[in-house]
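This report concerns only the one structure given below.
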Amino acid sequence: MASILTLDSNAAKNPINVPVLSGELVINGTAELETFVVPVDANVKINSGGAVDIIKFIGGASEYSVHSDGNDVLFTNKSSGTVITVAKVGAVGDQVQFGTTGLPTALKIVDGAIVLGEDDTAQTITTEVLDVTGATGTTGPADEDAPVFISATVVDNTLIMSYADASALAAATKPDASAFVVQTNDTIKDVTAVTVDATARTVTLTLATAVVFGETVKVSYFDSTESNDAKAIQDASGNDAATLIQGAVVNATLEKDDVAPVFLSAVAADQTLTLNYNEALNATNSPTDKLFVVQVDGVTTSVTNVAVVDNTVVLTLASAVIPGAVVTVSYLDRNATDDTNAIQDASGNDAAWFIGKVAVTAPPNEAPVVDAGSFTVATDGTEVGAVTATDPEGTAVTYAITDGNDADGNGIDAFVIDTETGALTVNDPAELVAGETITLTIEATDEAGQVGTGTVTVAVTEPVEPPNEAPVVDAGSFTVATDSTEVGAVTATDPEGTAVTYAITDGNDADGNGVDAFVIDTETGALTVNDPAELVAGETITLTVEATDADGIVGTGTVTVEVTEPVEPPNQAPIVDAGSFTVATDGTEVGAVTATDPEGTAVTYAITDGNDADGNGVDAFVIDTETGALTVNDPAELVAGETITLTIEATDEAGQVGTGTVTVAVTEPVEPPNEAPVVDAGSFTVATDGTEVGAVTATDPEGTAVTYAITDGNDADGNGVDAFVIDTETGALTVNDPAELVAGETITLTIEATDEDGMVGTGTVTVEVTEPVEPPNQAPVVDAGSFTVATDGTEVGAVTATDPEGTAVTYAITDGNDADGNGVDAFVIDTETGALTVNDPAELVAGETITLTIEATDEAGQVGTGTVTVAVTEPVEPPNEAPVVDAGSFTVATDGTEVGAVTATDPEGTAVTYAITDGNDADGNGVDAFVIDTETGALTVNDPAELVAGETITLTLKRRMLTESLARYGDG
């Protein structure tokens, strides 16, 4: 702390008050003594640390003399406002002098006090210990403005007075308590203590008694002297605040609550008894369990715990309260005054005691009520409806059918009921007779085991064929940039579940140039841009879309396409996915590190840290740069129980690098025990005249092959003939004894699956036997096809169609085959194969697409219709292809010369030349067995010594391997 010192040359020997302000020392003088501003530090030696202080000359003298520990520094002709830097003042006892030439005034620091003058003229000025660690700047002239009272606030017995001043208040010069008078209504409150917060500029008074809510409070402050003194409210410059008479005080004291909590009710459930009060209670001051007496049906029950929560007191009972029991509670705090360990509010007001208050308890559990239900189901229906029941206590119920469920007495329930939801479904269609009504008795059981009974009826009707409904086009909003091509996929749903085809019927040519803005894929609904000229940024295009189901019913809807400016997003670095892998000390494969590039480009991987923990110069792992696959490279670094952390870098195609870490936990080698195969539960259906049932499947955890066997349930009629046989390798089930197949019955087979180590797993499959069903003949389905043909092409492709019954189909073109109307079909179709060929090249215009309607007729005369498209392109010059050497087998006798002619075909039709490149000197004598005519391919014998009867010589011809079978005959 430093001081402000005010000096007057005419009264230099008078006592001077030195308050604290801003770490600076100010000397004000007359013509003989000018004003200086200088930091003073008694704790820093001269020039320590190279730090400096600042002197600001405010006076008008032309010459100044400054001494620092006896070293003179002369400043001449320094005008007002000049800033000069000098060394800090030294240790205690060092001197620094200020003043005009010839009239120095000496200051020195002695034991923390400032001393003026020398010898007998010295005056000691009382101040605080100087504790400045360096100058922070300079100030102007001394503060001469007194603090100004702003406001006052009182809470209980604390009154705070706030002042405004450019300087802080002086905490050391606070007035006595007797300087204040605090008045509440007509009563004077004694002030017992005064404190000053210099920085906050507040004066705090402590009152002997607290102020009451609603009282009017005023404060007065009396400064008995007119001059600045050491017993007053003053700022750090020594300016006294003015006397204050009955200043208004804001009374912020809260209103005292003296109303006790009121008991409202009690509720008992299970082991909890809750007492309800009309206000929040004090949770930190709960009563003891000894203050409560609880009786259940006249028998006292112990209270094991007491908790106060909000406005309730919760008692925990030693035993649960049975629904319907009579519960009374008494609270026995009979102290006349508020005390601890009682039910009380936050203000300490005790609640009144009471005896024999009756608690509300849960009523006895009642049985669920089954709702009467009337359902309808067709003879071919499966879903009936959901039976409902209501439990008066609101718990969940479970359902069961107890009567009326097997009217024909065949031992099979007509319906099954979902025990949780009450959903009724058909189980025995044979019991459904149109026109009859079945009455079922239903039991509903609640969570307490109470059972309620009721009946529901099921009226059986003839089957009803619902009318076909049009597809519903889903409203869609798409966005496409002016330079984009892909828009999105329009979707539609057919209520009957058949496939739909799509078409745009309106809004697709806003500029009227005859070119559609978009094209839609008839099968998938995919929208793509067709005319970029119609894409104007900021506009929205509305398209009308038709969806047609397989029966030709049409649904219509609209979609919108908002057109935006092209946006080129900044390239972002790939994100390495955090991965945790495990490898045994004898393992090699670890796993694959993955990373995702926001732009979707491929990334390459590298390990940059953590890969050589033992420092032997050999990486512990290698990473596949393309796939991220980690494999062990240095098994010596794999220590069981340790975890290796690797830093991974992933780099995208633009060179952006993303970094992440993966961990590899090292374990001991583990040999897993062999597990038995698991037989998959299967449900099969076979008609009484069927043979193929299906394939039983089983999985071996070790991945070995399994063999199958039927061990039970395979001879229900006991005739010694198995109903089914199973393929031991594939699990395929086929019928072996048709006599055991009874329509409506279900056969359960026990299957054993055995792995290669002899472990056996067992499971069951069911085979439901049905009546033979002759399906109606269905029309062929023409496959949608998209073909391409050049304007000079002839072959287009083959239209295909599938007959559900598998019979052959014949093809015909019924529409779209004469677009120019010249009476000549553009294409002809092979009625047997569906092959399309060009018939009228004049109709092939490059860039156009021709849509043909195709009819496919099966052997039963059923006709299916579909469309194919043929996109016409400019002619394409095919690349030159290599000649194809025809495979040939020749025979020559050991004494023959002419073998035959090798042939080859050039796809472009040019002439070829021939050469033998391998197999022509089997005996290695350096003489070729045969020679070939390079122009004609004719083979003739060149070395008869290589012709051994019964052997075959294989020759390789240039461009292709050719096997020549040369049967060699003897001399005869």
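If you go along the chain as it appears here, the first residue is 1 and each next one adds 1.
For all residues, glycine too, the Cβ spot is worked out from N, Cα and C.
Copied over from TrEMBL, here are the features:
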type   : residues : note
DOMAIN : 381-473  : domain 'Cadherin'
DOMAIN : 485-576  : domain 'Cadherin'
DOMAIN : 587-679  : domain 'Cadherin'
DOMAIN : 690-782  : domain 'Cadherin'
DOMAIN : 793-885  : domain 'Cadherin'
DOMAIN : 896-946  : domain 'Cadherin'
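Taking residue pairs at least 6 apart in sequence, the domain 'Cadherin' (793-885) and the domain 'Cadherin' (690-782) share three or more C-beta contacts under 8 angstroms. In the predicted model, the domain 'Cadherin' (587-679) shows an average pLDDT of 94. Look at the domain 'Cadherin' (587-679): DSSP puts its residues at 3 helix, 41 strand, 49 coil. Residues in the domain 'Cadherin' (381-473) partition by DSSP class (helix H, G, I; strand E, B; coil) as 3 helix, 41 strand, 49 coil. DSSP states for the domain 'Cadherin' (896-946), grouped as helix (H, G, I), strand (E, B) and coil, give 3 helix, 16 strand, 32 coil. For the domain 'Cadherin' (690-782), the number of residues in each DSSP class (helix H, G, I; strand E, B; coil) is 3 helix, 41 strand, 49 coil.
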